[in-house]
């Protein structure tokens, strides 16, 4: 009955909107808003009668991809990415859709006016999980217990005051602890914080580049213990959309929209009382313009969440650009993804040290086409003196890929005091001792651990204990499991495929190579950043000895090797270490034994970074043409040289092509584009 009344009101309001002329836009907005409020009120009354059905509907899509569906009925998605079908729900503007992710339902324009990428749902899920555990730790010190739907209750027990102050601890709710809980409950009461509720003693969160506000809305609906959320964006359309989405999800009491420059918002919050407990920066491209303001605006012990999507710069394609943005030279190498993590950590620590602050990395991951770091920022003049000893220069051999780290500073303990001095080096000679090739110099990079294993374990246990909370729970569990298995004190890694391809021999299995290192007495682990990574404390000469031993049972045709090639020089030496390739039980990590989702397959075609949002919406036609032209160029190699004429000549673009008309690549495309620009 209530649903019928809502539909009648809907049809009447729609009829009125057709009668009024276009100049009555303000009156139409009032009618539309009233129409939406009436419909939401009736829908809420209906949902109270059948709460179990709505719970099942939400949990049913726990493992599905992000979809954009109408509010009134759910239709199957026709595309792999998730459909964005037009909805007839009241309050929507023409062309808008409803995008569902987590517990949020976001109004989203169909045009490319506000940026949104559904592939980064893993990023948003992981951020919600990390902030939840961070809030649990921070609020436990204030006597606040957070409640999460679907999770076993955790009780914050405030122990009696000791000489050095108060001590807080968390205990799981078990039958044996009931008496203790009652006794402690009588002595001290604690506050409970639930999702969607404002907590006066909670955390203040800032999302500097919010776009549609999806991430902030999810924080409000899924992370308990928050006092306020500021969702900021410089775009007027994005800020208006954030305000509408906050009202649409009934979180306006927690979430406030802001239309300002993100750096200015953070610079004005540098005072100790105005600082934010959590700052999340997920820009389109590089976050470097916002890092200086971010390290000042975060509170003492606060959390910084930074995303970098400019991986071409950080992975070594443009080392000079990387230095200008992050103060570090990137190198094109097999370990480039972990090096990118250490470059952003170096940049954060360097900028924080200017203000007598330092960082403590909690979690750093490289996934898909971006990297994501979660760091805690603290203040301490004494600890800041260790900043130089935490950074290192990198020497990378261009022939065999062997690398060496050189710390920027040196510290020695002298009783109660610490002496700081310049480091000595370099750790390598003019040429590589293994293959005779030259070295590249990169860095400086962060040389300390990039994870806090204790904190990661807490996030992992919370996600695995409540798998229906996130759609990407399986992947989060797999990635975090690999993170906990990594050797935290060993920077960077080798890639097994690259080691064997250097000497042109067959590749041993991962278990065989790991077993050989374990038999030799060294530690070894995998890396979440690369599937065939070998992270070990064994020096490079040990790795090449193992490869030499493997080559003896899988010989290569040495007569085909050039005398100056790295393969010839490496294989010409006899191995000092006699490797044993017998499989060991501890060579297979638990994440591999349990068949966890560690490296997912590509979800769909063109799933990578999306086009930048622009005012008029839509995607640039030139970008679409380039995608079609270069799509699948590796899978379908060009066999006919005449087909090369459809591709522009790179040397001609730089003005260095000396072939002229005889060049197999096209010069006309460049000339036409230049003429169009002049017109």
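Cβ from N, Cα, C; glycine included.
In TrEMBL, the annotation region 'Disordered' applies to 160-187, one of the ranges 160-187, 188-215, 216-243. For the zinc finger (643-670), the number of residues in each DSSP class (helix H, G, I; strand E, B; coil) is 15 helix, 2 strand, 11 coil. Per-residue pLDDT, averaged across the zinc finger (643-670), gives 79.
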